[in-house]
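These features come from Swiss-Prot:
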TOPO_DOM  1-4  topological domain 'Cytoplasmic'
TRANSMEM  5-25  transmembrane segment
TOPO_DOM  26-53  topological domain 'Periplasmic'
TRANSMEM  54-74  transmembrane segment
TOPO_DOM  75-145  topological domain 'Cytoplasmic'
TRANSMEM  146-166  transmembrane segment
TOPO_DOM  167-172  topological domain 'Periplasmic'
TRANSMEM  173-193  transmembrane segment
TOPO_DOM  194-221  topological domain 'Cytoplasmic'
TRANSMEM  222-242  transmembrane segment
TOPO_DOM  243-257  topological domain 'Periplasmic'
TRANSMEM  258-278  transmembrane segment
TOPO_DOM  279-290  topological domain 'Cytoplasmic'
TRANSMEM  291-311  transmembrane segment
TOPO_DOM  312-315  topological domain 'Periplasmic'
TRANSMEM  316-336  transmembrane segment
TOPO_DOM  337-351  topological domain 'Cytoplasmic'
TRANSMEM  352-372  transmembrane segment
TOPO_DOM  373-379  topological domain 'Periplasmic'
TRANSMEM  380-400  transmembrane segment
TOPO_DOM  401-418  topological domain 'Cytoplasmic'
Amino acid sequence: MFRRLLIATVVGILAVFAVAGFRHAMLLLEWLFLNNDSGSLVNAATNLSSWRRLLTPALGGLAAGLLLMGWQKFTQQRPHAPTDYMEALQTDGQFDYAASLVKSLASLLVVTSGSAIGREGAMILLAALAASCFAQRFTPRQEWKLWIACGAAAGMAAAYRAPLAGSLFIAEVLFGTMMLASLGPVIISAIVAWLVSNLINHSDALLYNVQLSVTVQARDYALIISTGVLAGLCGPLLLTLMNACHRGFVSLKLAPPWQLALGGLIVGLLSLFTPAVWGNGYSTVQSFLTAPPLLMIIAGIFLCKLCAVLASSGSGAPGGVFTPTLFIGLAIGMLYGRSLGLWFPDGEEITLLLGLTGMATLLAATTHAPIMSTLMICEMTGEYQLLPGLLIACVIASVISRTLHRDSIYRQHTAQHS
């Protein structure tokens, strides 16, 4: 047992350096090609001329597609083992390391060029790769899946500053692929990754800054639960739209570089209306939480961002869909809150409350992981007073969504991009 805890600690540290390496590479490319040192792709897009804002995501997609196609032609074969940590956990616990690194590099290209895809997916993959590489050298074969799970949880903890949610992500999303008794090392890896990440960044700040002054009462619980019902209906719709967009891109029968370039071009066109469509949505989420916009502004940005996410994901851009889903949930919750706020004197607080609820419940509806989704929002914002209400709403959203759509967003995304 002591040996496992020691290895879990090492895996957590390796995951932090994997995540930090990707993050610093991303910041370097943004500085080199976009002249942006703010860390915000939305700021970068705002400061670019219209033609560069239009073409940059397309060129990034083209470069990523050429890289992926070139690697496949160079090796003259498809990956001989999984290039995704979920696939690795569901098979024999092995990766095609070279193909996985190329996939991560392609993700780096599309992320830094503005595609509306999550950077955290590549971070978690690299963390799992580091854990797998260590495990194959120093642990018996039957433990390889456990250490990949630890690496993924640690990567998620470092990327989102949410160690408990990172642990439960493994337990809920991949339920059945590992025994509950193995959760101890997973939690250790996640917490170690969170602590080391805080030390490296010289900060233990929350991922999102929120000023929610409301005290949750009976009326608020009713609104939170109703938001869960709404998210439970919206989740399957989002998954259906993502699947339809993917099929649409595939039906065009374009070579990977042109398919990814087309997805990037759509993002570029949308960014001419609002630069908020660039990136994974983190900056826009923070701005909405700081000062919730008016109804029509939320609706306009939401529609543009949704189309950008569908174009990026549908075209096969390598990256995560977790953070973009958080923004979509926030926007749905805030639109609902703004509509209800017309009849309540504290409309601003209701909008913010239901925005946070929307983040948690749409995440639950798309991942089918209600406990992880609840803890994720609480850990990222520090609003633990919402935990009871969010937990109920997330369970409701997950049940409704699972009834209407069998596959979670991760299983659907893995099936599309494998």
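Placement of Cβ uses the backbone N, Cα and C atoms for every residue, glycine included.
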Positions whose Cβ lies under 8 angstroms from the topological domain 'Cytoplasmic' (279-290), at least six residues beyond its ends:
40-43, 111, 114, 116-120, 208-210, 298, 301, 305, 309, 319-320, 323-324, 326-328, 330-331, 334, 352, 355-356, 359, 381
Proximity verdict for the transmembrane segment (54-74) and the transmembrane segment (258-278), three or more C-beta pairs under 8 Å:
yes
Output the single range from 5-25, 222-242, 316-336, 380-400 maximising the number of Cβ pairs under 8 Å to the transmembrane segment (258-278).
316-336
Which residues of the chain, 6 or more past the ends of the transmembrane segment (291-311), have a CB below 8 A from one of its CBs?
115-117, 241-242, 245, 262-263, 266-267, 270-271, 273-274, 276-278, 281, 284, 321, 324, 327-328, 331-332, 334-335, 337-339, 348, 351-352, 355
Go through the chain and flag residues at least 6 beyond the ends of the topological domain 'Periplasmic' (312-315) whose CB is under 8 A from any CB in it; none is fine as an answer.
61, 110, 115-117, 242, 245-246, 248-249, 259-260, 262-264, 266-267, 321, 324, 413
